[in-house]
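Novice: Copying in the features that TrEMBL gives for the protein in this structure:
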DOMAIN    41-290  domain 'G-protein coupled receptors family 1 profile'
TRANSMEM  25-48  transmembrane segment
TRANSMEM  60-78  transmembrane segment
TRANSMEM  98-120  transmembrane segment
TRANSMEM  140-162  transmembrane segment
TRANSMEM  205-226  transmembrane segment
TRANSMEM  238-261  transmembrane segment
TRANSMEM  273-292  transmembrane segment
Amino acid sequence: MNRSASHTVTEFVLLGFPGCWKIQIFLFSLFLMIYILTLLGNGAIICAVRRDPRLHTPMYFLLGNFAFLEIWYVSSTVPNMLANILSKTKAISFSGCFLQFYFFFSLGTTECLFLAVMAYDRYLAICRPLHYPTIMTGRLCSTLVSLCWLIGFLGYPVPIFFISQLPFCGSNIIDHFLCDMDPLMALSCAPATITETIFYVQSSLVLFLTIMYIFRSYTLLLRAVFQVPSAAGRRKAFSTCGSHLVVVSLFYGTVMVMYVSPTYGIPTLMQKIVTLVYSVMTPLFNPLIYSLRNKDMKLALRNVLFGMRIGKNLR
């Protein structure tokens, strides 16, 4: 399993989605529109959080950072997917494939950690409202955000490096639109049971620990919400937490189908669609989910857009 053997394959071919040229052009237009809308939606949330003083709170600080993360997450797959659709060879270099693999999993792990931190923030705000300002300080928020990024990006270099050292001496065709674990391992000429096991145990631990923490936080949170005497107070609590629960359900539901449940019996096209949901559609839906259910965010976004229009008129 030496280094020269691992470089017998110098590039991979990403087959992407099947179809004739007209279908490929339609998919290109669709994914390009989704990508632009995702950048605009998440970028608008970042601008709103930065510019509106009413949103200078821990919840919106986390939401702004989450929107920033979503921009990077969708950018780890969609630009290459768009280039791949128009490409005749559909090739990606060996190093490019593993770089995408690294960033895709690191950013996905960071997203899991962010969702857990956001659940912690909502738990403190509703279950311990009197202690919330003293616990959830700006310094703690910055520390938690930094830890999410550090843990997300420091967890995968070693296992992905060992996977890249495997001998890929046979076919170089990946029936997917991105470089993922299962397609890459299927192309390896030598078994790597230990590396594969470590990778899946690590990924499963991140998923299960974060989802269990989120589930526990919301169990306590919902119990506290039902004890609120006024109906208006309950509605406000559900409004602030409902959007987060929708995002958690959409993201974790699709991720667990791919990385926790066995994928051997799932058709390849269905695996691509499921991956598309959590890697491309979720970053698109998040700005809509958070803004439509939040009056403060809707008002701030309106002010940002209105301010941009005034600036253009003044010019």
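All positions are counted from 1 along the displayed chain.
From the backbone N, Cα and C atoms, a Cβ is placed for every residue, glycine too.
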Novice: So, taking each listed stretch (25-48, 60-78, 140-162, 273-292) in turn and counting its Cβ pairs to the transmembrane segment (98-120) that are under 8 angstroms, which one gives the highest count?
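Specialist: It is 140-162, which has the most Cβ pairs under 8 Å.
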Novice: Counting only pairs 6 or more apart in sequence, are there at least 3 Cβ pairs under 8 Å between the transmembrane segment (273-292) and the transmembrane segment (140-162)?
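Specialist: No, the stretches stay apart by this measure.
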Novice: Near the transmembrane segment (140-162), which same-chain residues lie under 8 Å Cβ to Cβ, leaving out any that are not at least 6 residues past its ends?
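Specialist: Apart from its flanks, the transmembrane segment (140-162) reaches 58, 61-62, 65, 98, 101-102, 105-107, 109-111, 113-114, 117, 120, 192, 195, 198-199, 202, 206.
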Novice: Using a Cβ cut-off of under 8 Å, list the residues of the same chain at least 6 residues beyond the transmembrane segment (205-226) that approach it.
Specialist: 109, 112-113, 115-116, 119-120, 122-123, 126-127, 155, 234, 237-238, 241, 245, 248, 252, 255-256, 259-260
Novice: Restricting attention to the domain 'G-protein coupled receptors family 1 profile' (41-290), give the mean pLDDT.
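Specialist: Residues in the domain 'G-protein coupled receptors family 1 profile' (41-290) carry a mean pLDDT of 88 in this prediction.
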